[in-house]
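Structure, as C-alpha cells:
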Amino acid sequence: MAIVGGLVDVPFENKVEFDDLARFAVQDYNQKNDSSLEFKKVLNVKQQIVAGIMYYITFEATEGGNKKEYEAKILLRKWEDLKKVVGFKLVGDDSTMPGGIVNVPNPNNTKFQELARFAIQDYNKKQNAHLEFVENLNVKEQVVAGIMYYITLAATDDAGKKKIYKAKIWVKEWEDFKKVVEFKLVGDDIAKLGGITDVPFPNNPEFQDLARFAIQVYNKKENVHLEFVENLNVKQQVVAGMMYYITLAAIDAGKKKIYETKIWVKEWEDFKKVVEFKLVGDDSAKTGGIINVPNPNSPEFQDLARFAVQDYNNTQNAHLEFVENLNVKEQLVSGMMYYITLAATDAGNKKEYEAKIWVKEWEDFKKVIDFKLVGNDSAKKLGGFTEVPFPNSPEFQDLTRFAVHQYNKDQNAHLEFVENLNVKKQVVAGMLYYITFAATDGGKKKIYETKIWVKVWENFKKVVEFKLVGDDSAKLGGIINVPFPNNPEFQDLARFAVQDYNKKENAHLEFVENLNVKEQLVAGMLYYITLVAIDAGKKKIYEAKIWVKEWENFKKVIEFKLIGDDSAIIGGFTDVPFPNNPEFQDLARFAVQDYNKKENAHLEYVENLNVKEQLVAGMIYYITLVATDAGKKKIYEAKIWVKEWEDFKKVVEFKLVGDDSAKPGGIIIVPFPNSPEFQDLARFAVQDFNKKENGHLEFVENLNVKEQVVAGMMYYITLAATDARKKEIYETKILVKEWENFKEVQEFKLVGDATK
C-alpha cells in the first residue's frame, strides 16, 4: 500500500487514462503559453498520495516537428471532480538539475513572481524591513510533501541598493498552504557547484527511501540484516548529479547503531549508487561529532558570523566590524551547533574571535552561546590542541578549583589550589581542557594535571582525569608511567583488551593483574599496559595498546601481543607506525651511546627512519636511524633486545648501512624473501588477483622482496606461481599500514615464464 507522501511507480502501458491526463496537461500548457505542443506517448507515470492523487507523468510531445520529453504534475480529487495541472516542464534539454531539484524554465512567470513577493512580504513583516521585489534570477523546485521552491531573487533594500536574496518556500497547493522556510541575503556571488547544504526535513519520504536503498545495498554486499529506523541528518551536494550525505540510525542484531552513507543520484538517468556506507558508532551522530565545513565564507556562514558580531556589539556596547570567517565547524546537537573562528576589526585593529552559535532551523531559532577574543595571531595548535594565552584568568582558575574539589571529594584528600601553569583546549563534543597546575598537599607544593570536559550549552562539566605529574609535567606525545597500574580504571582497560583478544582469536585468557601502565597524550589517550593473564592454566605476560577518547565514549585495542613467555617462537616483524615516538627515540639514543662507548666513537643521534619489532622472549627492535659522524649524516641499523618486565635492554647489533639506503622513499632489498611474513603477503596478493580476475594461480615461492618507507610500507615482491600447472613469474606491489590493519594490492602483473 502506498505511503502518504511517497512516490510510487504506476504501470501505464495501454492505459488510456494516462494518455488522457497527459493530453489534458498539454492543452493546459498550450493555452497558457500560446504554444502548439502535440502529445505523442507516455513514457513514465508516478503517483503520490496527497489530499487526492498527484500524478507525475513523463511523456513525449512534438513542437515544430522536434520531439522532446516533458514532465507534468497533475492533481486529481475525484470526489470533487478536480483535475489541475500543478507543474509542467521540459526535461529533455538538460533543464533537469541533479538530485530531485529541477530548474524551472521561466523564473519570472506570474506564479513565481508572486511566490517571491510573498517571501519578501513575509521577511519585511518579520524583520520590519522594506525590501522591494525587482525580479527572479533563478527558480528551482523539489518534490517534498508538496513542493519546495528555491528562488534566487533581486530586491532593493532601504537604501535603494540592489541585492541578491535566496528564499525557500514550501507549498502544498491542495491545502492552500504556503510557508517561507528560509530567506537570506546571498550577495553578488551565488553559491557555486560543490557546496554542501543541510536538508531541512531529513525524514521526508524521499530521504528515508534513499537511506533504505543504502541499507539494502549494504545488507546484500555484507550479508547482514540491518533494519532502518530513522534519518538523523541529511546534507546534499551538487556534483554531476546530487550527492546525499545521510546520517541514519539502524538496528543490528537488536542494537540501535549510527551509520553514515553517501549516495550519488542522477535522477534524469534513473541512476542511484551507494558510494560509501560505514558504522559511525552508537551515539557519534547525536550530541556528538564535530566536522569541518568546507566553505567557511559561504553566505550562510558569513550571515551567522555577522549575527554573532551584532549580538556581541549589542550586549557589550562594542563596535566590532565583521571581516571574514577563518574556520567553521558544525556539530549535530538538538539542531546544529556552529563553531566559527572569524576576523573582525576593533577600532581599526584586526583581531580573531571565536563564536558558538546554536541553530534550530525548523523553529527559526538562533542563539549565540559563546563569543570571545582568541588573540591577534591565533594560538598555534598542537594536533587539535590550542594553547590558552591567560591560564590564570578567573574562568580557568574556577575550572581547576572545580577539579580539585571533585578530587578531594572522591579521594578524601585535602589539596589546596595554588595557580595554573598551563591550559590547553581541544574542540571535541564541547571543549576538553588540559590544565597543568600547582596545588599543595600537606603543605608541600606539587604539580598536577587534570582534564575537564565542558559542554556550555548543556551546563555540563566533568573531570575526565586528575593525576600527580611531579615537577616535569609530561608534554603532548610523551609517554609517562602511571603510578598505580592496578587501580580499577586500568584493570578495567586491561580486561577490555583481554576480552577483545578472546573474541577475535577465539581464546580463553583470564586476566590476573597489571604489571605496568604507561600513557601517551595523542588525539585522546594511548595506554600501554603490560599485564599478566592465564592461558590454559599457565601465567603469561602480554602487552596491550588501547586508544581511548573518553568524550566520544570511544575505546579501541590497537595491539595485543604475548611478550613474557620464554616458549614464544621468534615471530613476524611488525612495522611501528610512529618511529619517532619518544619511546623509540630513547631506544635509538641508547644504542648510539652503547656504540660510542664500545668503539670510542662520537656519533650524534639525529632521528629514526624506520622501526620494526619482533616478538621473541621479550621484544627485538630493528631501528634504522640517522646519526652524524664528524658532522656527516649517515644511516645505521640497530637491533635492541628489550624485556620490559625485567628492566632489561641490550644492543644486539649496530652497523653502518650507508648514506641513503634507508631514507623515506628509498627502496631497499629484504634479506629473507621467504620469511613467513613475506610469503603471507605474496599469498594475499595472489588471492586478491584470483578473486578479481577469476584466476587459479597457486603461490610457489618468493624470488625477491624490496621495501620502501611511504605512509606505511610499500612491498615490491617478485614471486613464482603456477597457472594451470605452468610456473610463471609475477610482480606485485602491496601497501601495508600495520597500525590500521590495512593491506592493499596496488599492482599485480605477469613478468615472464619461470621455466625460461
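Residue positions begin at 1 at the first shown residue.
Backbone N, Cα and C define each Cβ position, glycine as well.
The annotation domain 'Cystatin 1' is assigned in Swiss-Prot to 3-96. Looking at the domain 'Cystatin 1' (3-96) alone, the prediction's average pLDDT is 82.
Swiss-Prot lists G5 (among others) with the feature site 'Reactive site'.
Per Swiss-Prot, motif 'Secondary area of contact' is recorded for 48-52 (among others).
As annotated by Swiss-Prot, domain 'Cystatin 2' applies to 97-191. Under DSSP, residues within the domain 'Cystatin 2' (97-191) fall into helix, strand and coil as 21 helix, 47 strand, 27 coil.
Under the heading site 'Reactive site', Swiss-Prot lists G99 (among others).
Annotated motif 'Secondary area of contact' per Swiss-Prot: 142-146 (among others), in sequence order.
Across the domain 'Cystatin 3' (192-285), the DSSP tally of helix, strand and coil residues reads 21 helix, 51 strand, 22 coil. Residues or ranges marked as domain 'Cystatin 3' by Swiss-Prot: 192-285.
Annotated site 'Reactive site' per Swiss-Prot: G194 (among others), in sequence order.
For 237-241 (among others), the entry in Swiss-Prot reads motif 'Secondary area of contact', with the evidence type similarity to another entry.
Residues annotated as domain 'Cystatin 4' in Swiss-Prot: 286-380. In terms of DSSP helix, strand and coil, the domain 'Cystatin 4' (286-380) has 21 helix, 51 strand, 23 coil.
Per Swiss-Prot, the feature site 'Reactive site' maps to G288 (among others); the stated evidence is similarity to another entry.
Feature annotation from Swiss-Prot assigns motif 'Secondary area of contact' to 331-335 (among others); the stated evidence is similarity to another entry.
If you look up Swiss-Prot, you'll see 381-474 marked as domain 'Cystatin 5'.
Positions annotated as site 'Reactive site' by Swiss-Prot, on the basis of similarity to another entry: G383 (among others).
As annotated by Swiss-Prot, motif 'Secondary area of contact' applies to 426-430 (among others), with the evidence given as similarity to another entry.
Among the features that Swiss-Prot reports, domain 'Cystatin 6' is placed at 475-568.
If you look at the domain 'Cystatin 3' (192-285) against the domain 'Cystatin 7' (569-662), you find fewer than three C-beta pairs under 8 angstroms, all six or more positions apart, and that falls short of contact. Per-class residue totals from DSSP over the domain 'Cystatin 7' (569-662), listed helix then strand then coil: 21 helix, 51 strand, 22 coil.
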